[in-house]
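Enquirer: According to TrEMBL, the protein has these features:
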ACT_SITE  LYS11  active site
ACT_SITE  ASP145  active site
BINDING   PRO103, VAL104, ALA105, GLY106, GLY107, MET108, ALA109, GLY110, GLY111, SER112, ALA113  ATP binding site
DOMAIN    75-153  domain 'GHMP kinase N-terminal'
DOMAIN    209-276  domain 'GHMP kinase C-terminal'
Amino acid sequence: MTSTTVRAPAKINLGLSVGPLRDDGFHELATVYMALDLHDTVRVSLRDDDRITVAVHVDADDREESVDVPLDADNLAVRAVERLRTAAGVSTGVDLVIRKVIPVAGGMAGGSADAAAALVGANAELGLGWSREELAEIGADLGSDVPFLLHGGVGIGTGRGEQISPVLSRGRYGFLVVVAREGLSTPQVYAEFDRLEPDPQSPRIAPELMAALRGHDAERLGEHLSNDLEVAALSLRPELDRVLQIGVDAGALAGIVSGSGPTCVFLLEDDADAQVLTTELWSAPGCADVIHTHGPAPGARIIA
Ligand SMILES: C[C@@](CO)(OP(=O)(O)O)[C@H](O)COP(=O)(O)OP(=O)(O)OC[C@H]1O[C@@H](n2ccc(N)nc2=O)[C@H](O)[C@@H]1O
Ligand SMILES: Nc1ncnc2c1ncn2[C@@H]1O[C@H](COP(=O)(O)OP(=O)(O)O)[C@@H](O)[C@H]1O
């Protein structure tokens, strides 16, 4: 029995500008995504019948009991294969085995990463030969973040975040990721944003952020990280304010809530700072894990 193993990255939003709520229930966004060296892997193999099955293994023992990933047709990787099969007009069954590293419901798009990986893996196993753009179109219906996770690197997301254009970015950056014990629901965070900010402006990307990326200027990048959802995440989870404070006091260039949270991400000036910062951040309220990682990283790709 053959199989294809695909690795897909987590993302952070270096800039997340949220505009008005649209008639379709989504907000107009202008965001700068960066993919990180923090990956889920999905192994895809074909079955003799037409069933789609999924198994999930969590990589961090201490997070195991807090992980809430559906093991049925609601799993985003299963939904991705289902959609691809329908679009391609095939009914071959597929087994999916997910190795989960990306924090669940953490604002790092782990479910979307699994969907992106499943699309790439099933495309290969079924021999469909679809392009990344074609897969992205299917992926966008499952999650606004999916097209970016197929793309990887650094990208601007517009529309509801699903329209991706590449960004010129030099060099790599070091980050510490503080995983929270309990996740936050993305729709709830957007609803809290609407409550706090009933009349938002059109979304925009700060030119200074783009200039920092072009010039590989970590200090400038730190000054211009921004996230319009942060105030909503802090309102729902006030202790995150303390987490951000601890990281910045301990020497991070900047700290930000990742997407809809509650994961907090700290930009490092130097990888040598990681150890001291990690020790400090472990004492932060609600902290389940501290991960040292880097970005940008490639999008979903076959590793075996
Ligand atoms: C906030 C962001 C930032 O990149 O990511 P996460 O922090 O969740 O990873 C995204 O906008 C989340 O994208 P994703 O997690 O794919 O969400 P989706 O499944 O598309 O949408 C879930 C729900 O979030 C809200 N939503 C999402 C995207 C958007 N532009 N406007 C919205 O209002 C809607 O209520 C929607 O029903
Ligand atoms: N493969 C998957 N991995 C993680 N979560 C999934 C998956 N499939 C469905 N979900 C559901 O999607 C929700 C959001 O998960 P996730 O993508 O990790 O967070 P976020 O939207 O904050 O980035 C989870 O609460 C979970 O119930």
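Cβ atoms here come from the backbone N, Cα and C positions, even for glycine.
TrEMBL: automatically predicted annotations, no manual curation.
Predicted, not measured: the structure shown is a model, and the values here were computed from it.
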Enquirer: List the other residues in this chain whose Cβ sits within 8 Å of the Cβ centroid of the ATP site residues PRO103, VAL104, ALA105, GLY106, GLY107, MET108, ALA109, GLY110, GLY111, SER112, ALA113, in sequence order.
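Expert: Neighbours within 8 Å of the Cβ centroid, excluding PRO103, VAL104, ALA105, GLY106, GLY107, MET108, ALA109, GLY110, GLY111, SER112, ALA113: ALA10, ILE102.
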Enquirer: Over the span of the domain 'GHMP kinase C-terminal' (209-276), count residues by DSSP class, listing helix, strand and coil in order.
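Expert: Grouping H, G, I as helix and E, B as strand yields 36 helix, 10 strand, 22 coil.
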Enquirer: Specify the count of other C-beta atoms within 10 Å of the C-beta of GLY107 (ATP binding site).
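Expert: Excluding its own Cβ, the number within 10 Å is 28.
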Enquirer: What is the Cβ neighbour count of ALA109 (ATP binding site) at a 10 Å cut-off, with all protein chains included?
Expert: 31
Enquirer: Counting only other Cβ atoms and using a 10 Å cut-off, which of the binding-site residues ALA105, ALA113 scores lowest?
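Expert: Each of the binding-site residues ALA105, ALA113 was scored by Cβ atoms within 10 Å; lowest is ALA105.
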Enquirer: So how many other Cβ atoms are close to LYS11 (active site), meaning within 10 Å of its Cβ?
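Expert: I count 32 other Cβ atoms within 10 Å of it.
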Enquirer: Of LYS11, ALA105, GLY111, ALA113, which recorded positions come close to ligand 1, meaning Cβ under 6 Å from one of its atoms?
Expert: none
Enquirer: Could you tell me which of the recorded positions LYS11, PRO103, GLY107, ALA113, ASP145 have their C-beta within a distance under 6 angstroms of some atom of ligand 2?
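Expert: GLY107, by Cβ distance under 6 Å.
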Enquirer: When DSSP states are grouped into helix, strand and coil, how many residues of the domain 'GHMP kinase N-terminal' (75-153) land in each?
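Expert: Going by DSSP assignments, the domain 'GHMP kinase N-terminal' (75-153) contains 44 helix, 8 strand, 27 coil.
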Enquirer: Tell me, how many other CB atoms lie within 10 A of the CB of GLY111 (ATP binding site), whichever protein chain they belong to?
Expert: 27
Enquirer: Is it possible to get the count of other C-beta atoms within 10 angstroms of the C-beta of PRO103 (ATP binding site)?
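Expert: There are 26 of them.
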